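Student: Below is one structure. I have some questions about it.
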């Protein structure tokens, strides 16, 4: 081997060693960075006394406002023992009053409009732990209950996990407050105030965009509409038939407010430019979804109150004296789910199509509603038997006509 060849080989070896060392250093830096990011994330998830205070103040306000503010007293469904609960539907007034108080507090520098967005993960973990604690208490109280009424009669299967997940009692109360109705209200209001805090952060950071405005507008209209028609909630399956366990408590307090607001969080750090056609399509998706969702639920609620009420200006078609087959319910057996899906899609479309993250909510909802529709079908087939079979023959489509 010549001296030049030896020198060349040494240079190659040194270059390879440097490359290996550089690669190792890069991996070490990436690993360290990942560990630091994970550590930072875990630190943000640790509940603080501030997050506990925010959550406690919110629940305290809702309890006081819900008990004292005027509102329509709506009778619930007749339970198997013949009893009926009554719900004070003053959610809209409670929401507007709280919004006004927070606005005044922000003007006087007493509260920060970005308090929620600054502590998003803290509040998420705090609310999750609260949900676990509450459902453990509900489980223990339900097991000890000797009440034989439909609302508080314990339904114990003996399977600890199942009883904790689905709940033991139908309508447990605390200090005269129906907890099921209370938690639904808290979740819907929480969703709105999380969104508004994210909006305030966007304004303060100077990142407010057309996409953020559309997302905020659609969600606010949907939530305000919910509280305008809050009494319709009293005729839903969750209120009538589902027992109060971790599934409902977690869904109301954690899942709804914190996952339905993902689009807003995403838009804080991602800029999206929408064309005129995209904006128009987004608005039409929201409008059609709202008309189907609200129209179907209103028809069902009115029918339950008065089966002889006209639907779309015509006498209602009723199967077996029990099932409505007119209006939206003559188009698809679960047409309200179609409206829900279109609304969920309209909340995500302002984020564009560059990432699947903002579409978590509509994707999850699609899976949930298909599963729920199948469960509803099985329950209705068992409950209504021949009447349900006739309804299926008359209305063959489940959610989307000519597709599913």
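In case you wondered, yes, glycine gets a Cβ from its N, Cα and C as well.
Unlike curated records, TrEMBL annotations are generated automatically.
TrEMBL lists these features:
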- 52-71: transmembrane segment (TRANSMEM)
- 92-117: transmembrane segment (TRANSMEM)
- 123-141: transmembrane segment (TRANSMEM)
- 182-200: transmembrane segment (TRANSMEM)
- 206-224: transmembrane segment (TRANSMEM)
- 244-268: transmembrane segment (TRANSMEM)
- 274-293: transmembrane segment (TRANSMEM)
- 314-331: transmembrane segment (TRANSMEM)
- 343-371: transmembrane segment (TRANSMEM)
Student: Counting only CB pairs under 8 A, let me know which of 52-71, 123-141, 314-331, 343-371 has the most with the transmembrane segment (92-117).
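Tutor: That would be 52-71.
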Student: Assess whether the transmembrane segment (206-224) lies in contact with the transmembrane segment (123-141), where contact requires at least three Cβ pairs under 8 Å among residues 6 or more apart in sequence.
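Tutor: Counting Cβ pairs under 8 Å (6 or more apart in sequence), the transmembrane segment (206-224) does not reach the transmembrane segment (123-141), since there are fewer than 3.
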Student: Short question: which residues 6 or more past the ends of the transmembrane segment (182-200) have a Cβ under 8 Å from it?
Tutor: 58-59, 62-63, 66, 91, 94-95, 98, 102, 113-117, 120, 208, 212, 215-216, 219-220, 223, 226-227, 230, 233, 238-239, 244, 248-249, 251-253, 255-258, 260-261, 264-265, 268
Student: For the transmembrane segment (123-141), which partner among 52-71, 274-293, 314-331, 343-371 gives the most CB pairs under 8 Å?
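Tutor: Out of the listed stretches, 52-71 contacts the transmembrane segment (123-141) most.
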Student: In terms of Cβ proximity under 8 Å, which residues at least six beyond the ends of the transmembrane segment (274-293) contact it?
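Tutor: Tertiary neighbours of the transmembrane segment (274-293) are 210-211, 214, 218, 221-222, 225, 328, 335-336, 338-346, 349-350, 352.
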